[in-house]
């Protein structure tokens with residue numbers, strides 16, 4: 001029940017992104033999210049791609065062309081894996097530097113959110129209390145009706161529905177009243193949070209350190225590019241022979257087909 005109340009408050013305030021403020025566990029870092037997504041995506045592409053290549057080579061056309069695509073695919077997969085291993089530390093270092101540079105802003109935003117959380121907590125507690133009271137009242141009023149249905153289900157089904165409908169409507173109306181009251185109570189805090197966020201953004205734009213941060217971010221990107229260049233060059237050198245081999249074999253097949261057509 002408490003999770004429901006918190007979820008309602010989050011919808012009224014800042015949306016699902018504010019959920020981390022109420023979570024006890026630390027949210028997953030940006031680098032971990034990027035790394036996990038990239039790993040899953042690349043693995044899926046490698047697995048599905050290899051299946052397609054294998055199916056093609058097993059076909060009559062694939063056997064006739066004899067391009068050795070599966071062998072080249074495995075070589076490419078190994079090279080990509082090595083590239084991931086070499087770029088992994090560089091990428092993590094880039095994100096670490098970026099997080100350090102923006103840590104002060106994140107701390108200020110967390111302070112604002114924590115202040116709003118403390119201010120709205122009494123309203124959430126009151127909302128939860130009323131919610132529990134109405135749920136218990138509804139349960140007490142419905143329980144006897146359930147007993148009647150159990151005693152003579154077929155005979156009293158229509159009568160039970162007639163008794164239950166007003167109770168359900170009353171419960172629904174009471175819940176709507178509580179939700180509307182909570183929305184009204186939280187509205188000023190929601191406005192305050194939006195104003196605070198707008199103020200932080202304005203301070204960020206006028207802050208002299210913004211240009212310094214931009215320079216640092218550019219430096220980090222340049223450093224990352226310089227360190228990643230050797231690994232990308234290795235990948236390019238690995239791909240060139242594979243592409244040249246495929247090009248030669250395809251050209252040979254086309255030439256043979258042209259000779260066959262000319263002879264006919």
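Going from the start of the chain as shown, residues are counted 1 onward.
Yeah, the Cβs are placed from backbone N, Cα and C, and that goes for glycine too.
The methionine sulfoxide annotation in Swiss-Prot covers 109 and rests on similarity to another entry. Residues or ranges marked as region '10 X approximate tandem repeats' by Swiss-Prot: 67-264. Taken from Swiss-Prot, the feature repeat '1' covers 67-88. Under the heading repeat '2', Swiss-Prot lists 89-110. What Swiss-Prot lists as repeat '3' is 111-121. For 122-143, the entry in Swiss-Prot reads repeat '4'. The repeat '5' annotation in Swiss-Prot covers 144-165. Among the features that Swiss-Prot reports, repeat '6' is placed at 166-187. The feature repeat '7' is assigned by Swiss-Prot to 188-207. Per Swiss-Prot, repeat '8' is recorded for 208-229. The repeat '9' annotation in Swiss-Prot covers 230-240. Positions annotated as repeat '10' by Swiss-Prot: 241-264. The feature signal peptide is assigned by Swiss-Prot to 1-18.
Here the Cβ of residue 109 (methionine sulfoxide) has 15 other Cβ atoms within 10 Å, regardless of which shown protein chain they belong to.
In three-state terms derived from DSSP, residue 109 (methionine sulfoxide) belongs to a helical segment.
The predicted model assigns the repeat '5' (144-165) a mean pLDDT of 64. When the repeat '9' (230-240) is classified with DSSP, helix, strand and coil residues number 11 helix, 0 strand, 0 coil.
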